[in-house]
């Protein structure tokens, strides 16, 4: 990803065909060593292509990928009715989870980056 980002940075900066040297210079400026094999792979895949077209194709491909969420789960026939003694224990666990969750939310100063 760092090689693609560096390539895009160079291309958006006006260099229509960044070389390995250009990308290494960008990576070195932030203290990242470049792996020549990966770097050459990225350059060979992107060289001569219009960056806007590549981004548009990528967005189209990402739009077709399902992004989690609704998974249908069916319970086994015998597990539909839980035992009567387990209900209070489940309620107690939920209280503990809410308590822990509120403590964690204080750590991120209310931003909820991964919520």
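Each Cβ is built from the backbone N, Cα and C atoms, and glycine gets one as well.
If you check Swiss-Prot, you get these features:
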type     : residues : note
MOD_RES  : 1        : N-acetylmethionine
MOD_RES  : 17       : phosphoserine
MOD_RES  : 19       : phosphoserine
MOD_RES  : 21       : N6-acetyllysine
MOD_RES  : 21       : N6-succinyllysine
REGION   : 76-115   : region 'Disordered'
COMPBIAS : 76-90    : compositional bias 'Low complexity'
MOD_RES  : 79       : phosphoserine
MOD_RES  : 86       : phosphoserine
COMPBIAS : 91-101   : compositional bias 'Basic and acidic residues'
MOD_RES  : 102      : phosphoserine
MOD_RES  : 105      : phosphoserine
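The two recorded residues, residue 21 (N6-acetyllysine) and residue 1 (N-acetylmethionine), show a Cα separation of 17 Å. In the three-state DSSP classification, residue 21 (N6-acetyllysine) falls within a helix. When secondary structure is read from DSSP and collapsed to three states, residue 1 (N-acetylmethionine) falls in the coil class. Within the same chain, residues at least six positions away from residue 17 (phosphoserine) with a Cβ under 8 Å of its Cβ are 47, 48.
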